[in-house]
Amino acid sequence: MLFPMFANNPNKSPSPGFGEKVCYGLGDFASCIIYAASQAFLLYYYTEYVGVNIAIVSTIFLISRFFDGASDLVMGFIVDRTKSPYGKTRVWILRMLIPFFLSSVLLFSVPPSLGDIGTMVYIFVTYNLTITVVYTAINLPYGALTTLISKDSYERSIVTIYRVVLSSSGYMLTTVVTLPLVRFFGDDRAAWTWTFVVLGGIATFLFTLTFIFCQERVVADDSAKKEPDVPFTEKIKDLFRNKYWCMLTSMILLIFGADIISGAANIYYYKYFLSDPQYIGIFSAINTVLRLSLMICVLPYFMRRFGKRTSLFLAILFICIGYGVRYVDPYSVPINYVSTVFIGLGQGFSYALLWGMVPDTVDYGEYVTTRRAEGLVYSGASFATKLANGLGTVLAGFVINLGGYVNNAPQQTDSALDAILFAASGIPVIVYVLGGCILYFYRLDAEFPEVVRTLKERHTQKQEGGLTPEEKEIIERSSNTNLNKSAE
């Protein structure tokens, strides 16, 4: 062990304090630097600075999603099997620090001398290296750390608020400073490289703080350690037996996807409707301030008073109003301020609630299957966000391209403008409504006290020796199912 002073210490404190919560949130601040860059600027960089056709870039993003999906499931399985003095999730943050920095720089460093084919190959390789491999290997264990940092559901929700508050700050930093930094370094292709040397360095330092100051308090008991390894295929089946994981993952895909579609189209919207792409920094800052204010001052009360499900319904309503109001006058700057306020109010709830619901589905999965799988559960949520990122960017690119968009044209045609507006506002409203329809059937808030009570009884029984009758029944039913399939 290279750094024995940083070994995991579950008994260091009974629950995460303020400093540890902040350091945990800084990890998503770091993640969001690359996440925001890939969402808000990567398509713009490839089309406006590298000169690649928007449809080609969108196709590369779409193909890459298949590799990304496999990497999330594999990484989730690896995390569940990891045993290290640093902990099962913290160790991966440590291992990926240097690759995270290098890949984030390479992503925005397309050499000018490669030619058309070479450029497309470079984009495909570096995009998959950064997003499919490195981002997965650091961000998925980071997300799974939420379920291990505390045993208390409410405490985990508060930790998640810190995470989303600081991720919003990271998103704002990236959207506000990226274009000014690019101009500062010369407003050319090399300027993007130097910009992400700076931003990638900041992100790597912040992830280092997460590794040093966060601890895993939920550790496997002795009886769990003696149980044989569960096959990967069986764990995948466990995921799909967890109905609330299926619902939540679908909602994450839709809700994140809606915002990513809008985010990818917004820079074109601001350029051609409001005549200045720099508005992306102004509106992002307003959105972030509103998010932070609500998450810190209002969301904890709403979660206690109304529960996560009802609070998320309210968030979806506000966001739909925010996107829809642009159609009143898409060229109006004041209307866009109103739009930003409503979207910010809704997103102040939505992101924290969605990530705060993921640990609850880990507990529900253990309740249903008797097996706990933080890594795979988070791999599903992580895959949903990255699938949303890829498909959202692809859909935005295809819609804008179908409208007849021309790279760097001083003025776009009416059909291109309609396509930009539809991608920036119309599609997100439709997708959010679909997410709300799924949320209607999500009832885990009401069932969760029974889940917690049952899990406590099982853990007590295990400490006394042996399985509970309920666990024996579940395992026997699963074994019989497998035997029947083998016989067939």
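Quick reminder: no glycine exception, Cβ is built from N, Cα and C everywhere.
Because TrEMBL annotations are produced automatically, they should be read as predictions rather than curated entries.
What you are looking at is a predicted structure, and each value in this text was computed from that prediction instead of being measured.
Record features, source TrEMBL:
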TRANSMEM  52-79  transmembrane segment
TRANSMEM  91-110  transmembrane segment
TRANSMEM  122-149  transmembrane segment
TRANSMEM  161-185  transmembrane segment
TRANSMEM  191-214  transmembrane segment
TRANSMEM  244-268  transmembrane segment
TRANSMEM  280-303  transmembrane segment
TRANSMEM  310-328  transmembrane segment
TRANSMEM  334-355  transmembrane segment
TRANSMEM  376-400  transmembrane segment
TRANSMEM  420-442  transmembrane segment
REGION    459-488  region 'Disordered'
COMPBIAS  477-488  compositional bias 'Polar residues'
Leading stretch by Cβ pairs under 8 Å, where the reference is the transmembrane segment (420-442) and the options are 91-110, 161-185, 244-268, 334-355: 244-268
Winner by Cβ pairs under 8 Å against the transmembrane segment (191-214), considering only 52-79, 122-149, 244-268, 280-303, 376-400: 122-149
Cβ-Cβ under 8 Å with the transmembrane segment (280-303): same-chain residues at least 6 beyond its ends: 40, 154, 157-158, 161, 164-165, 168-169, 171-172, 175-177, 179-180, 266-267, 270, 311, 314, 336-337, 340-341, 343-345, 347-349, 351-353, 356
Residues from the same chain, set at least six apart from the ends of the transmembrane segment (376-400), whose C-beta lies under 8 A from its own: 35, 38-39, 42-43, 54-55, 57-59, 61-62, 64-65, 68-69, 72-73, 75-77, 79-80, 131, 135-136, 139-140, 143-144, 146-147, 235-236, 238-239, 242, 245, 248-250, 252-254, 256-265, 268, 355, 358, 361-362, 365, 416, 419-420, 422-423, 427
Non-local residues, at least 6 beyond the ends, that sit with Cβ under 8 Å of the transmembrane segment (244-268): 39-41, 43-44, 277, 280, 283, 316, 319, 323, 347, 350, 354, 357-358, 360-361, 364-365, 377, 380-381, 383-385, 387-389, 391-393, 395-397, 399-400, 405, 420, 423-425, 427-429, 431-432, 434-435, 438-439, 441-442, 444
